[in-house]
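Over in Swiss-Prot, the protein carries these features:
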- 142-170: coiled coil (COILED)
- 466-491: coiled coil (COILED)
- CYS338-CYS347: disulfide bond (DISULFID)
- CYS362-CYS370: disulfide bond (DISULFID)
- CYS394-CYS399: disulfide bond (DISULFID)
- CYS401-CYS424: disulfide bond (DISULFID)
- ASN85: N-linked glycosylation site (CARBOHYD)
- ASN191: N-linked glycosylation site (CARBOHYD)
- ASN366: N-linked glycosylation site (CARBOHYD)
- ASN447: N-linked glycosylation site (CARBOHYD)
- ASN471: N-linked glycosylation site (CARBOHYD)
- CYS523: S-palmitoyl cysteine (LIPID)
- 1-31: signal peptide (SIGNAL)
- 522-553: topological domain 'Cytoplasmic' (TOPO_DOM)
Amino acid sequence: MGSRSSTRIPVPLMLTVRIMLALSCVCPTSSLDGRPLAAAGIVVTGDKAVNIYTSSQTGSIIIKLLPNMPKDKEACAKAPLEAYNRTLTTLLTPLGDSIRRIQESVTTSGGGKQGRLIGAIIGGVALGVATAAQITAASALIQANQNAANILRLKESIAATNEAVHEVTDGLSQLAVAVGKMQQFVNDQFNKTAQELDCIKITQQVGVELNLYLTELTTVFGPQITSPALTQLTIQALYNLAGGNMDYLLTKLGVGNNQLSSLIGSGLITGNPILYDSQTQLLGIQVTLPSVGNLNNMRATYLETLSVSTTKGFASALVPKVVTQVGSVIEELDTSYCIETDLDLYCTRIVTFPMSPGIYSCLSGNTSACMYSKTEGALTTPYMTLKGSVIANCKMTTCRCADPPGIISQNYGEAVSLIDRQSCNILSLDGITLRLSGEFDATYQKNISIQDSQVIVTGNLDISTELGNVNNSISNALDKLEESNSKLDKVNVKLTSTSALITYIFLTVISLVCGILSLVLACYLMYKQKAQQKTLLWLGNNTLDQMRATTKM
């Protein structure tokens, strides 16, 4: 059966590819429009590109601490170099010992491997407590053990070279770059100049430069006396050690210039010491940086709320701090899995939450759907700058314009005031003077009022007050109920017994029957009386007619 080749993609990378493919099917997004929201106290402060980073890639940088002097100048620089060499050994020997203890704690036998590793870590940590980060750093140090051993095999050739930067590839499993900040100085100052320098000047120049570099080394490794091998080095520390030569390694690892500044600010580029050789004064550091995937159709929009005026007092809008928009979909973005820089978000995973229809409608520009909470105090800063203009609550503070002079008043019912250079060039707020350079064009909505129905109670103190009012209402109701019970208690219970009720019902029925019979009898008697009256009237009329007839005869 023939062999079958297969390509296995790491799960995080597959997740990244799927997300990017899914988002590529959605129409490109536009930034959340903050113009209709500004007058409602909701300010869009900026956008950041969303990136997802997965498993890290590594490379080694071998720092050559001791420079090689030109043959004709070795004698002049001998004294400062020897003093520098002794100081280096004193400073970095604890680091080398710590690295060796951790690397030697793990052998090929499986039984007590983990126990020996933890024991070695705790042995090099103050107070005998190993953090998760230190255990992770120790594990990375163990994984780099073979690479460090391969570098040490080449230490003589690395130490002998006069090149400031060169790649080391022989027998190494990952990219390694040997750099020498001091070698760069020697090459620039002595090897590439035709100017003859006297021995005293050479000694002074070398001594000063070596002292400066020792200061940088002390800054990098000084705070790590307790566990020097287990503390990560920041990108700033790496640049202090390697100088500008650090860029060479990062470029070789695939970091572009457009990405470099953002990654440096993120703190995702770190280093861990993996070897120190006092004989050749070589320091090996494994540099770790992330694999970054850019989500082209996704950006994070940051929202800030301003305390606005309402008929119920000062309130702030209930909206998420960060939202993301892809096409027509707007959702809240959880940034707890992300690292922020000035322009980018680097996330290990993308987590969003759907918003209620009211908040969605609010952020889409329907400010009448926005809800507000009475949680902002009177000491909250009542203004915010936006693109050279100011959004201020001029009911909470005095908006004094110095050019042209005057007081900017806020109309009754208006949430906030939008102030730009068209209305004021120099604005004073709480003693702070601002020169305005921006404008709110006609697309910005103004004179927005917050209705009473839009203000709800969410703060602890306000809820306590409302609960107090509810408790008072309940107490009043209980008082009324108690008063009613006292009146009911005065009722004769004997009159409300079952037998008494039956008697009352029976007598009531008899009374009703008697009443009906009396009514029928009365009607009959009235009818009979009227009949008798008609008979008597007829007899009278008949007798009168007979008398008239007799008289005529």
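Every residue gets a Cβ built from N, Cα and C, even glycine.
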Coarse DSSP state, helix versus strand versus coil, of CYS370 (disulfide bond): coil
Spatial separation of CYS399 (disulfide bond) from CYS424 (disulfide bond) - C-alpha basis, Å: 10
Packing count at CYS424 (disulfide bond) (other Cβ atoms within 10 Å of its Cβ): 23
Conformational class of CYS424 (disulfide bond) under the three-state DSSP mapping: coil
Model confidence over the coiled coil (466-491), averaged pLDDT: 71
CB within-chain contacts under 8 A for CYS401 (disulfide bond), separation at least 6: ILE407, ILE408, SER423, CYS424, ASN425, ILE426, LEU427, SER428
Summary of DSSP states over the topological domain 'Cytoplasmic' (522-553), given as helix, strand and coil counts: 31 helix, 0 strand, 1 coil
Residue among recorded positions CYS338, CYS347, CYS523 with Cα closest to the Cα of CYS394 (disulfide bond): CYS338
